[in-house]
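Enquirer: The structure follows.
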Amino acid sequence: MVARVGPVLAALLLGALMAHALAPHNWLGVTPVALVSITFLLLRARTVRAAGGLGWFFGFGYFLNGLSWILEPFQVEAELYGWMAPFALVFLAGGLALFWGAAFALAQRCAAGNWRVLALIGFWSLLEFARAYALTGFPWAGLAQLGITPWTFGVLPLLGPHGFAIVKLMLFLPLALLRMRRIWPVLPLAGYVLTVFSLLPEAPREDGVAYTDHTVRLVQPNAPQDEKWHPDKRWDFVRRQVAFSANEPRPDLIVWPETAVPQLLNYADDTLAAISQAAHGVPILLGIQREEDGRYFNSAVLLDESGVATATYDKMHLVPFGEYMPFPDLVARFGIYGLAARAEAGYSAGEARTFLDTPAGRTLLLICYEGVFAHEIDTRDARPDYLTLITNDAWFGTYSGPQQHLVQAQMRAAEQGLPMVRVANTGVSAMIDPYGRIVPGMKLPLGQAGYIDADLPAPLPPTLYSRTGDLPWFLLAVFLTAGSMISRRSGHSRKEAVNL
């Protein structure tokens, strides 16, 4: 019994340790330690069940620690939803850990001996694809997000998040074989990884980044979530944003965060006209809700100099259980609706992602959660001048959630080679250059109200990842799994020949 508990407990603790490689900790050394150690435990596993258990407990510890911010939304209206918080975290961590448990079990089942390392790289990568794509997808806390530094942003334009994750697995998992004294099967992988890293282009110095002639004002009202919709306080935050927008000198564009106006667009004509008048006619891009045919949308609009909405975008990728409820008829019987939606039955999804033509150039707009999905930012057929992400990170608390969300925004900018205007209700608002770096001095921290006027960086030429997407790395993962399975069959064939 002790022999069984030991590896399981070690896997749980290793997973929890590896979560400290996520923002805001970014402990660089824990990723190789955790990955090498869990691979070594897999090599000592004797059954598929034992291997799957190792993977599940490793994932459970990782997601339980790394996604602990998920408790925060339930505390906004704690009297109604607080009781759900621990269950939400445990079920989310346990559900996501199933992907990792399946990867370990398949590696044990489909490959023999030390070839399980190759199989684990392939199956783990494929299951991470499934986690990002299947159903609504949830790529948060992906392997590419571990230990992100300014240098590692240089990998993303070439590899994207899934390619970067595969390279990390190729780099670290084979090291477990050193202790087994069987490193030779994976030497080609190590050589491939080192070659990739040696070819990485070096980003220019921050003072060498090219800029456009456009200035964008990022407005951060810092409205706490428990006050944002309060009848006696919500307009105070609007007036705060208006005051920030009215200041001289005038920028080319002003951007407010998600759901910045606590009023439906359908009835906000006078409000929007007053906002634009106070801003001296400078066009404003802001978040607001709207209703159409009984459906509610989390939207953003671009206001002209008169306060008229000239373009509208409806958020397409909604947060399950936050902005809409799966199986709504069933859960509505218990009085449970989307936590973040102000409409009773939650939001409806928009139909298409379109470019908005702003005075600062053409932009691709993302609202909050949409910024975590790299594969949904498709610029192959048409390319914007910059990305815009408006969000309300007050839902994510004041610690790890907003910082992890910010890192993913930086990753999207680097992957596409496009600058990003990121405006958050409570922070972090920032101008991000096309290399994924925050422009020096162009950042509003968490919990601070204010605004910044930021020069908009120029876009880079299309990156390799923006042209190819995830397909090459998916095919590589398939190739790795197939190769490991062939090795098992050939091993069985040799054994049968010897027996004959």
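Cβ atoms here come from the backbone N, Cα and C positions, even for glycine.
Keep in mind it's a predicted model, so treat the numbers as computed, not measured.
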Enquirer: When you get a sec, could you say which of 29-45, 471-487 is annotated transmembrane segment by TrEMBL?
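Expert: Feature transmembrane segment in TrEMBL: residues 29-45.
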Enquirer: Look up transmembrane segment in TrEMBL and report which of 148-171, 364-387 it refers to.
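Expert: The listed stretch tagged transmembrane segment in TrEMBL is 148-171.
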Enquirer: Cβ under 8 Å, sequence separation of at least 6 from the ends of the signal peptide (1-21): give me the contacting residues as numbers and ranges.
Expert: 27-28, 30-31, 33-35, 37-38, 41, 44-45, 50, 53-55, 57-66, 141, 146-147
Enquirer: Please give the sequence-distant neighbours of the transmembrane segment (29-45): residues at least 6 beyond its ends with Cβ less than 8 Å from one of its Cβ atoms.
Expert: 7, 10-11, 14-15, 17-18, 20-21, 51, 54-55, 58, 104, 107-108, 114, 116-117, 120, 146-147, 168-169, 171-173, 175-177, 179-180
